[in-house]
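Noted in Swiss-Prot for the protein shown:
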- 8-10, 34-35, 56-58, 61-65, 100-106, 132-135, F139, R142: 4-CDP-2-C-methyl-D-erythritol 2-phosphate binding site (BINDING)
- D8, H10, H42: divalent metal cation binding site (BINDING)
- H34: site 'Transition state stabilizer' (SITE)
- T133: site 'Transition state stabilizer' (SITE)
Amino acid sequence: MRIGHGFDVHAFGGEGPIIIGGVRIPYEKGLLAHSDGDVALHALTDALLGAAALGDIGKLFPDTDPAFKGADSRELLREAWRRIQAKGYILGNVDVTIIAQAPKMLPHIPQMRVFIAEDLGCHMDDVNVKATTTEKLGFTGRGEGITCEAVALLMKAAK
């Protein structure tokens, strides 16, 4: 078994909506990013790549490459997952923690889980997404942006 950890953060800027976990969430502010700014899928992609020792999302999809300007993070996740499967790994489970003072994530979590399960070709039981705040402390608590952490467990497929 192999475990990977991912982290991502984006500052608020511009106009909403925002995209988190593949879900378009109405909000007055947007997130500043080269791609669509989906902190949940970026952290998850990093966790998966880390578990497979394939580097990170910035190595695979550099923000210096104009091809990834405004990229759909679901497509990036699916491409990373294809590469991980090509190395002979299968998914154990993933766990994603979104850290944001606002907007509220709870109403959107079921759809996030559906999208992640679809993108990874796994059961919903293998995908957990949760959200919390920092009780108004720090960068996220002041409403300056959104942070996300994720862990992923991979196993070698039976031959």
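From the backbone N, Cα and C atoms, a Cβ is placed for every residue, glycine too.
The secondary structure of H42 (divalent metal cation binding site), as reduced to three states from DSSP, is helical. Take the CB of D8 (4-CDP-2-C-methyl-D-erythritol 2-phosphate binding site) and look out to 10 A: across all protein chains shown you find 22 other CB atoms. Nearest in space to D8 (4-CDP-2-C-methyl-D-erythritol 2-phosphate binding site), taking C-alpha to C-alpha distance over the recorded positions H34, H42, T133, is H42. Of the listed binding-site residues, namely F61, F139, the sparsest Cβ surroundings within 10 Å are found at F139. Listed in sequence order, the residues of the same chain lying 6 or more apart from P103 (4-CDP-2-C-methyl-D-erythritol 2-phosphate binding site) and placing their CB within less than 8 Å of its CB are I18, I25, P26, Y27.
For T133 (site 'Transition state stabilizer'), applying a Cβ distance below 8 Å and a minimum sequence separation of six or more within one chain yields I99, A100, Q101, T140, G141. A separation of roughly 11 Å, to the nearest angstrom, links the Cα atoms of S35 (4-CDP-2-C-methyl-D-erythritol 2-phosphate binding site) and H10 (divalent metal cation binding site).
Cα separation, H34 (site 'Transition state stabilizer') to H42 (divalent metal cation binding site), rounded: 12 Å. Contacts of T132 (4-CDP-2-C-methyl-D-erythritol 2-phosphate binding site) defined by a Cβ separation under 8 A and a same-chain sequence distance of 6+ are given as T97, I98, I99, in order along the sequence.
Taking the C-alpha positions, the distance from H10 (divalent metal cation binding site) to F139 (4-CDP-2-C-methyl-D-erythritol 2-phosphate binding site) comes to 10 Å. Listed binding-site residues: H10, H42. The one with the lowest count of other Cβ atoms within 10 Å of its Cβ is H10. Taking the centroid of the Cβ atoms of D8, H10, H42 as the divalent metal cation site, the other same-chain residues with Cβ within 8 Å of it are V9, L31, A33, G37, D38, V39, A40, A43, I146, C148.
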